[in-house]
Structures are given as structure tokens and as C-alpha cells.
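Asks: There's a structure below that I have some questions on.
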Amino acid sequence: MRLLLASSSPRRRELLTLLHRPFDCEVPEVEELRGANENAGDYVTRLAEEKAQTVAQRQQTPCLVIGSDTLISFKGQVLEKPESYEHFSQMMKQLSGQTHQVLTSVSVCQWNGHKVVARETALVTTQVEFAALSQGEIDAYWATGEPHDKAAGYGIQGYGGKFVKRIEGSYFAVVGLPLYETEQLLRMFEMTGEVDER
């Protein structure tokens with residue numbers, strides 16, 4: 001059965017190649033709008049499931065689709081991608097010297113050509129401790145251009161990694177796709193013969 005990754009993220013694509021399974025990528029079209037009473041875990045899980053389902057529904061033949069989403073939570077507040085330098089600087093000051101949570105959900109859905117017939121989802125929470133940052137470090141990081149498309153304005157796998165003192169949990173989940181959990185979900189479908197292992 002064909003395997004698809006519902007993502008436009010080059011980071012997720014690179015991570016999925018580490019599992020040594022053939023797959024194709026398609027960009028999902030999902031409105032990322034958090035409900036008024038939706039907590040962070042429910043929100044990121046819903047987005048992962050919607051990404052997988054929207055790509056699955058375009059397919060004419062049976063397939064498995066992986067969807068994933070990541071967000072950053074600090075003291076109950078979801079930190080989005082920076083809208084401006086001021087927004088970025090504010091978030092970096094919040095995270096400076098503090099521990100925040102990175103929530104990543106991965107969902108695998110099975111599509112039979114007409115409807116979703118099975119779905120398995122995992123939510124991974126990782127604690128990330130930041131070093132204390134100076135304004136000069138914050139400004140220099142913004143100038144690299146890296147923060148612009150990142151949740152909370154940093155990427156652990158890039159320049160932003162030098163601010164991370166410690167993590168407790170999954171490094172790969174912080175990057176965008178928890179490899180262990182993704183592998184386990186795919187194995188669940190393999191047990192029923194639903195994954196093409198060419």
C-alpha cells in the first residue's frame with residue numbers, strides 16, 4: 001500500500017526518510033485555527049489528524065497517510081510563528097532561562113479509496129530548557145532568517161540549537177516528527193499487511 005506524508009515541511013520529509021520506507025509527499029490544506037476552549041494537546045492532535053485526512057481524501061486508491069503537527073506551549077500559552085521582529089523578540093524573552101513544552105502529534109490514517117477505515121495517533125510532549133539570552137543574541141538570531149517560519153521562532157536543529165541547555169523527551173519530536181512513535185504506528189498497520197515495504 002502506498003505511503004504518503006501530508007506535509008510541506010522539508011524537515012519532516014528528511015526525518016521520515018530515516019525510517020527507510022518509500023513515500024510520497026503531498027501538501028495538506030488545513031486551516032490552523034485553535035478553538036476558543038481547545039487545549040494545546042487537543043489542538044495539535046486535531047491538526048495532525050486533519051492533515052492526514054485531507055490528503056487521504058484526494059486519493060483514488062488505498063493508501064496510508066501520515067500527518068504531523070508541532071506547537072510550543074509556555075505556561076499554558078501557545079507560541080506561534082513570529083509575525084514580526086517584535087513578536088519574535090517577545091517570545092525569546094519569555095523562553096530565556098525557562099523550560100517550555102514542545103507538543104508534537106503524529107497521526108496515521110488508512111484510506112480505502114473511499115473513506116478512512118482506520119486511524120492511530122500519538123502525542124509526544126518534550127520539555128526544553130533554554131539558556132538565558134541577551135538582547136544581542138536575540139537580535140543576531142533574528143538576522144539569520146531562521147526564526148521566520150518556526151513555531152516560537154526557533155529551530156533546535158539549526159542555529160537555535162545553541163540556546164537549548166537540556167531536553168527531556170524526543171529530540172525528533174521537537175524537530176517535527178517523532179521517529180519512535182511514527183515507526184510504532186506504521187508497525188501497527190504492517191501487522192495487518194497494510195504497508196508496502198518495497
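Cβ atoms are placed via backbone N, Cα and C, with glycine included.
When I checked Swiss-Prot for this same protein, it listed these features:
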SITE      Arg11  site 'Important for substrate specificity'
ACT_SITE  Asp69  active site, proton acceptor
SITE      Thr70  site 'Important for substrate specificity'
SITE      Gln157  site 'Important for substrate specificity'
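Describe each of these features in terms of where it is and what it packs against.
Replies: In the three-state DSSP classification, Arg11 (site 'Important for substrate specificity') falls within a helix.
Cβ neighbour count for Asp69 (active site, proton acceptor): 27 (other Cβ atoms within 10 Å of its Cβ, all protein chains included). The secondary structure of Asp69 (active site, proton acceptor), as reduced to three states from DSSP, is extended strand.
With a cut-off of 8 Å between CB atoms and residues at least 6 apart in sequence, the same chain places Val44, Val102, Leu103, Thr104, Ala151, Ala173, Val174, Gly176 near Thr70 (site 'Important for substrate specificity'), listed in sequence order.
Sequence-distant contacts of Gln157 (site 'Important for substrate specificity'), defined by Cβ-Cβ distance under 8 angstroms and a gap of at least six in the same chain, are Arg11, Val175.
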